[in-house]
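Input: a single structure, listed below in structure tokens.
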């Protein structure tokens with residue numbers, strides 16, 4: 001019975017394949033035609049390829065006559081493997097008794113295994129080898145017979161199984177990553193199920209609180225008092241001119257002057273900041289009345305004079321142009337004075353120090369020996385920093401010394417602008433030589449400079465500690481029932497914004513609102529928003545969705561607090577949410593009343609109750625501060641002018657004038673900002689801003705929600721506040737690193753949402769859980785970014801099979817996610833470009849800052865290594881020709897390494913995959929295109945990062961090229977070590993199939 005012969009072939013030097021029949025009578029090892037050097041020599045016929053038909057019935061019955069089984073090449077990759085491989089059958093010992101039949105069977109099995117390998121890797125047809133293994137069957141007439149009684153062994157003596165020839169998919173790894181991404185996606189999407197929009201009625205607020213009535217015959221404002229906090233720490237990174245513009249915008253805001261107080265916390269105790277604030281208070285005496293007279297918007301001088309539109313639009317007074325020209329000249333001189341303060345302080349200090357040295361020499365009699373004996377006094381005089389009144393500055397000196405350094409200085413409270421008169425003080429003709437303020441209220445809100453005491457050996461708790469010191473000092477001085485906090489670079493852009501926020505506090509049910517959060521808006525961002533600095537997806541999407549639950553999170557600035565809630569007290573009314581997902585709601589029991597035993601018990605409240613549900617009792621030893629708590633709670637209540645108001649105050653209760661400040665009150669304010677005041681108290685634990693995290697804002701808001709309070713998100717038609725954001729790539733990544741590290745700290749602390757009380761709604765709990773979980777996604781994200789490159793390196797597609805079911809599933813998932821994204825963009829008002837920038841920087845930050853945050857957070861939890869961050873620079877750009885010059889500044893940081901590695905690895909993988917496909921005998925273009933698509937998708941997300949590394953006009957710094965070369969060389973050596981190239985000419989003289 002004849003069968004189709006087996007085909008042999010060889011590749012000629014020109015690349016052409018010549019087919020040879022096994023039935024042809026030729027001796028490959030003897031014939032000179034096939035062994036001569038001119039015809040290709042040894043390599044052309046020794047390294048031949050067996051071409052076998054893909055059908056089972058088209059195979060030879062036995063080996064060709066005269067051939068020896070041991071002379072045949074090994075189908076497993078060369079002579080080395082073929083000579084070392086052996087098999088044992090039943091009744092055999094070693095290699096003894098192996099006859100021709102066994103040799104033919106060995107050849108058939110080798111041919112069959114080789115045929116199966118070719119089928120799987122090249123054509124993707126039916127897997128014959130698997131069929132033989134599972135059915136124990138045969139092909140043809142005994143050829144390629146797989147006997148279950150015979151075992152094959154490799155050269156190391158290990159048994160060979162059929163699974164050794166099958167491709168190993170990456171199912172376990174990808175399945176775990178897909179599960180995590182699905183879990184993370186659910187955490188992000190579930191809190192967005194109930195977005196809402198709010199609107200405030202300013203007319204109703206004015207009619208209710210500032211209109212003449214029987215309880216308010218003169219029509220004075222019955223609105224509660226408001227204390228505004230500004231925090232600054234370093235005049236080098238937070239220029240005094242920026243802070244001064246913020247203060248001017250607050251002093252000129254539309255809120256009752258007698259009810260408004262402004263406090264600035266200078267945590268660096270710098271004389272430069274102090275004198276800049278003094279200059280600001282002086283300039284405010286003309287700037288604030290000017291804004292009220294001409295209804296200026298915005299009331300930040302720097303932003304107002306930088307507006308490109310016509311300044312005379314909607315201005316009706318004839319003297320506007322004259323007033324504006326004069327105030328612009330005054331502001332320019334004000335800037336010159338502020339910017340010249342460092343040099344003024346230095347020259348003044350040098351002159352006074354020289355005078356002190358001269359006086360010291362005169363007191364010592366003028367001799368050098370006596371002068372040397374009083375060296376300590378002379379040294380002190382030389383290094384001192386002097387105020388304008390020729391006295392030593394009690395804060396930090398330019399040259400640090402004991403009691404005068406950033407971590408060692410006295411507490412300072414200085415009233416820059418005194419308490420205003422209760423009744424309006426209108427200007428009269430002739431009050432000012434250049435401006436006419438007739439009929440304009442010229443009063444200014446109270447302005448206080450505060451710098452808390454710092455001493456070595458005390459943990460001052462950074463910004464949170466400074467804010468708590470302001471809370472105590474303001475409670476002594478003004479005790480406004482509401483607190484609005486700003487960063488030094490955020491100013492009031494809408495002068496009516498505070499009134500809109502107060503609408504929610506004074507509304508029915510407002511006594512349950514702990515804070516009103518305003519969205520953050522930024523200026524100075526490049527038009528393309530390369531690094532997603534506007535963060536509109538978070539502020540217009542996530543935060544607005546949380547407003548439909550229990551309220552938005554506190555995000556650090558632009559937040560209007562209820563002072564009583566900030567003290568750690570629970571709300572007057574709250575609900576508990578029971579059940580698996582909080583489906584059962586019931587009224588919470590009344591707050592537990594604190595007793596004297598709780599104050600004396602160092603262990604605090606009982607263990608059967610969450611600490612957040614107990615009223616705090618340890619506020620410190622200030623009697624004046626303790627008395628102010630109940631006053632602030634009462635004054636913060638809404639008006640009881642409706643039967644639906646359950647916890648209100650009578651109309652007209654806040655018409656009493658504020659008492660003037662006296663020396664004992666200021667002395668008490670200095671006492672409560674001392675470094676020892678918080679000892680044995682609950683400040684930072686349950687009272688005020690919470691300590692223990694670099695993101696103290698999120699933790700503070702979480703603790704309020706955990707007690708049952710609600711919060712409100714106030715989006716005004718005109719931006720309420722505006723600030724600056726770091727447009728530099730390095731600063732932006734460090735900012736994201738700080739936020740992500742704080743999230744990791746929250747996850748490993750008692751502030752984890754999994755440990756929340758039943759007063760936190762289920763979806764609100766999910767939102768806070770997502771805050772602590774999202775940095776861990778970076779571990780899987782960075783793995784996913786390397787998978788396309790690994791696919792191109794190995795030649796195996798990232799997806800094992802592309803059947804119809806998989807493609808339909810992928811299409812449905814893609815359409816669903818696209819529709820959800822479009823729906824989110826639609827209801828939140830986010831632009832598609834803003835959404836895409838957010839997606840890009842999520843990948844950039846996730847592969848760099850988030851991964852570093854996970855490492856730092858774990859080091860803090862496991863090893864106790866404290867995390868320190870540098871203050872984000874808020875310096876104004878000095879390049880007037882290019883306002884975005886800082887965008888192109890490249891400051892190397894280790895956070896660049898992971899994204900840079902991802903970019904280089906994917907580029908190298910695309911080059912390797914393309915080369916392998918082009919020079920392959922059977923090119924797999926579909927796999928190449930699939931790998932190219934996924935790698936290109938990763939590189940598209942990395943585009944902002946790559947563009948940031950290019951610098952201005954493509955001038956990439958040398959350090960970038962150095963690291964790129966290091967990564968490329970390391971990658972090449974690693975790949976050669978993992979997958980070394982096969983030798984084309986075996987040293988043992990065998991042949992390769």
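Using the three backbone atoms N, Cα and C, a Cβ is placed for every residue, glycine included.
Marked as region 'Disordered' by TrEMBL: 1-107 (among others).
Its Cβ taken as reference, residue 231 (UDP-alpha-D-glucose binding site) is surrounded by 21 other Cβ atoms within 10 Å in the chains shown. TrEMBL lists 231, 237, 238, 267, 462 with the feature UDP-alpha-D-glucose binding site.
Taking Cβ-Cβ distances under 8 Å and a sequence gap of 6 or more within the same chain, the neighbours of residue 267 (UDP-alpha-D-glucose binding site) are 231, 232, 233, 451, 452, 463, 466. Annotation comment: TrEMBL describes 267 (among others) as active site.
The region 'Disordered' annotation in TrEMBL covers 357-378 (among others).
Here TrEMBL flags 463, 487 as Mn(2+) binding site. Here the Cβ of residue 463 (Mn(2+) binding site) has 19 other Cβ atoms within 10 Å, regardless of which shown protein chain they belong to.
Here TrEMBL flags 697 (among others) as active site. Under a cutoff of 8 A between CB atoms, and with a sequence separation of 6+ in the same chain, the neighbours of residue 697 (active site) are 554, 555, 556, 559, 689.
Among the features that TrEMBL reports, transmembrane segment is placed at 767-790 (among others). Counting residues 6+ beyond its ends, the transmembrane segment (767-790) has Cβ neighbours under 8 Å at 170, 173-174, 176-177, 180-181, 184, 187-188, 191, 542, 546, 549, 553, 698, 702, 705, 740-741, 743-744, 746-747, 752-754, 756, 760, 798, 843, 846-847, 850-851, 853-854, 857, 898, 902, 905-906, 908-909, 931, 934-935, 937-938 in the same chain.
Beyond its flanks by at least six residues, the transmembrane segment (802-822) meets 189, 835 of its own chain at Cβ-Cβ distances under 8 Å. The feature transmembrane segment is assigned by TrEMBL to 802-822 (among others).
Among the features that TrEMBL reports, transmembrane segment is placed at 842-865 (among others). Beyond the transmembrane segment (842-865), the same-chain residues lying 6 or more positions past its ends with a Cβ under 8 Å from any Cβ of the stretch are 531-532, 733-734, 736-737, 740-741, 743-745, 747-748, 774-779, 781-782, 785, 894-899, 902, 938, 941-942, 944-945.
Long-range contacts of the transmembrane segment (895-916) within the same chain: residues 730, 733-734, 737, 782, 785-786, 788-793, 795, 844, 847-849, 851-852, 928, 931-932, 935-936, 938-939, 942, 945-946, 949, 960, 963-964, 967-968, 971-972, each at least 6 residues beyond the stretch ends and with a Cβ under 8 Å from a Cβ of the stretch. Among the features that TrEMBL reports, transmembrane segment is placed at 895-916 (among others).
Through the fold, the transmembrane segment (928-946) approaches residues 530-531, 729, 785, 787-789, 791-792, 797-799, 837, 839-841, 843-844, 899-900, 902-903, 906-907, 909-910, 913-914, 917 of its own chain, all at least 6 residues removed from its boundaries and within a Cβ separation under 8 Å. Residues or ranges marked as transmembrane segment in TrEMBL: 928-946 (among others).
The transmembrane segment annotation in TrEMBL covers 958-978 (among others).
With 231, 237, 238, 267, 462 listed as the residues that bind UDP-alpha-D-glucose, the site has a largest C-alpha separation of 16 Å. Here the C-alpha separation of residue 487 (Mn(2+) binding site) and residue 237 (UDP-alpha-D-glucose binding site) works out to 13 Å. Every protein chain considered, the tally of other Cβ atoms within 10 Å of the Cβ of residue 238 (UDP-alpha-D-glucose binding site) stands at 23.
The Cβ of residue 462 (UDP-alpha-D-glucose binding site) has 17 neighbouring Cβ atoms from other residues within 10 Å, across all protein chains displayed.
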